[in-house]
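Participant: Sending over a structure as structure tokens; questions will come in a sec.
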Amino acid sequence: MLLGASRSRSECVSTGISDDGATIFALATPPGVGGIAVLRVSGPGADEALSRLTQRALPAPRQATLRRLRDAEGALLDEALVLRFAADASFTGEPVVEFHCHGGRAVVARLLDVLGGMAGLRPAEAGEFTRRAVLNGRLDLAEVEALGDLISAETERQRQLAAAGFGGALHRRAEAWRDRLLDILARVEITIDWADEEVPSDLDAELAQELDALAGEFDRELSASHGLERLREGFTVAILGAPNCGKSSFINYLAGREAAIASPHPGTTRDVIELRYDLRGLPVTFLDMAGLRETQDPVERIGVDRAVARGSAADLRLHFSAPDVADIALPGTLWREGDIGVRTKADLGAGSGDHAISVVTGEGIRPLLDAIHDRLSGRIPCDGVTSHARQRAALAAAREALCRARKQLSSGEPELIAEDLRGTLTELGRMVGRVGVEDMLDRVFSRFCVGK
């Protein structure tokens, strides 16, 4: 297939109404013509904006109510369903109002114009609604990243991964680790406070065992994070082979259209052609590239060099050959364990091997796609909740601090052990956005649309 809930977090950063005290508004649905468009307003002036547009008493919170919307002169703008949310029950942690109006361009433009003319209201910046949710403790940073992934998910497996993150999977795992570390830290600090008292002889052994167990869990999570990041970002599958061995025809077969020029003349494909494809829930980008051969044509040479570079960096390579095309000697970097050899043009009667295919008859295509799916699925861990490089870096730093604490056990310096344990806790907090959140907000929210 081609690709083309609120909750309190008392432990998160909470600043109440957003920094500048402004009430923000934006179109929350994609721009363009549609049956319904949703305009969102958030901030201290949200209820006032609703009153002025409806010129009636405020409806009950969290109940859809039909209202006529009017400008300051009383002229009818539209008839819409309106919703209002109190600060303690809204996505942003502020008073929020939504207008579910008709989706015509002129209707939306006029409503945005009227809202922009109200004192204290201004258009939202990209991701500003979600930024306020973080600042007001409604989401942590890991959940915000998962929300961005959920919005951009193109396949079912990506959706499942993002939904787990948005549901707080990483937060819960980090909290479980944090609770265990706090318990360990408390026992270490007892030895500091009661240095003159006798300490149980087996305490160091107990602490070593618990720290080793945590380090092992950190290691497993770090290992799993690479596969989850590939799932989140999507896999690349490079199609390699000599000119005229059917690479572009295969791409066109998958696309159901002429995505690439297929020609009997060698050297037709020079640029890299990318086809995004939903392979049973896996996001896959197939790369059709220049045929590999020695050439004196400088432009084709560039294409061949790009094919080698992109092929080397791909997650998987399909090595195409055809009965009517001479085989080529591949550079050593282009054949890896797990790659798949494919014999094309099976309709000519010369196909053989595990993956003989024909784009004319469709023979062998499904088994080949199944094999690709199996190869890539094997790289996705069954367990794990860390799917962003930022999260992985924080967890790696937490592991380093934890290992330092483990090494300090033999030093007889509990103050040093406690310091490294506190460093571990800090890095776990950074992983979910407990600490250092301001440093990351601009980078994270740059991926969001204005209405989110």
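Just so it is clear, glycine is given a Cβ too, placed from its N, Cα and C backbone atoms.
The annotation domain 'GTP-binding protein TrmE N-terminal' is assigned in TrEMBL to 23-138. Under the heading (6S)-5-formyl-5,6,7,8-tetrahydrofolate binding site, TrEMBL lists Arg40, Glu98, Arg138, Lys452. Positions annotated as domain 'MnmE helical' by TrEMBL: 141-449. Feature annotation from TrEMBL assigns domain 'G' to 236-321. Per TrEMBL, Mg(2+) binding site is recorded for Ser248, Thr269. Positions annotated as GTP binding site by TrEMBL: Ser263, Pro264, His265, Pro266, Gly267, Thr268, Thr269.
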Participant: Mean pLDDT over the domain 'G' (236-321): what is the value?
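Facilitator: Average per-residue pLDDT within the domain 'G' (236-321): 81.
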Participant: How big is the Cα-to-Cα gap, in Å, between Arg40 ((6S)-5-formyl-5,6,7,8-tetrahydrofolate binding site) and Ser248 (Mg(2+) binding site)?
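Facilitator: Each residue's Cα considered, Arg40 ((6S)-5-formyl-5,6,7,8-tetrahydrofolate binding site) and Ser248 (Mg(2+) binding site) end up 46 Å apart.
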Participant: Please spell out the DSSP helix, strand and coil residue counts for the domain 'GTP-binding protein TrmE N-terminal' (23-138).
Facilitator: 32 helix, 42 strand, 42 coil
Participant: In whole Å, how far is Arg138 ((6S)-5-formyl-5,6,7,8-tetrahydrofolate binding site) from Ser248 (Mg(2+) binding site) when you measure between their Cα atoms?
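Facilitator: That comes out at 49 Å between the alpha carbons.
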Participant: Arg40 ((6S)-5-formyl-5,6,7,8-tetrahydrofolate binding site) has how many other Cβ neighbours within 10 Å of its own Cβ?
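Facilitator: For Arg40 ((6S)-5-formyl-5,6,7,8-tetrahydrofolate binding site), the count of other Cβ atoms within 10 Å is 23.
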Participant: Quick one: among the binding-site residues Glu98, Arg138, which has the most Cβ atoms sitting within 10 Å of its own Cβ?
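Facilitator: That would be Arg138, with the most Cβ atoms nearby.
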